[in-house]
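Below you'll find the structure, written out as structure tokens, and then a few comments.
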Amino acid sequence: SFEGRVEVYHDGKWGTICDDQWDDRDAEVVCRQLGLSGNPKALSWAHYGQGSGPILLDEVECSGNELSLDQCKKSDWGQQNCDHIEDAGVSCDPFTGTDLQLYTSQMWSGTVRLAGGRSPSEGRVEVYYNGDWGTVCDDGWTDLGAQVVCRQLGFR
């Protein structure tokens, strides 16, 4: 639940990231985006297995302070010169709370949005998964889960 091949969702499809320029600063951003802390490690050469489908990003260069990969320097979507043997991976030390790990795995399975709020920064948490929008159950919901959603949406 805290390590694996990094995949991103863009323009209606999932794809991998090429490991060119991939380092621990990029891993730090991925871990932060997923709400995980600890000692992030970047892994190269399809350490967690080769993906299938498109390779969506290449030449990712984060400073390590970004909240998401979207804020990092990178090639244009789909512009790459790689093969799946170069799929990037990440290992993040997990949070001590298992609830947050569950939230992050659910959140990262799809795109997150807020619906029904009085402003764009509040509302019901909805996740896009397998072609449908659905809600997130509040059983065990804590501020940590809310922080993950806020980070994923680009709020501080």
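Glycine is treated like the rest: Cβ placed from N, Cα and C.
Of the listed cysteines (Cys18, Cys137), only Cys18 is recorded by TrEMBL as the disulfide partner of Cys82.
In this structure, the C-alpha atom of Cys18 (disulfide bond) lies 19 angstrom from that of Cys92 (disulfide bond). For Cys62 (disulfide bond), the nearest of the disulfide-bonded residues by C-alpha distance turns out to be Cys31; the candidates were Cys31, Cys82, Cys92.
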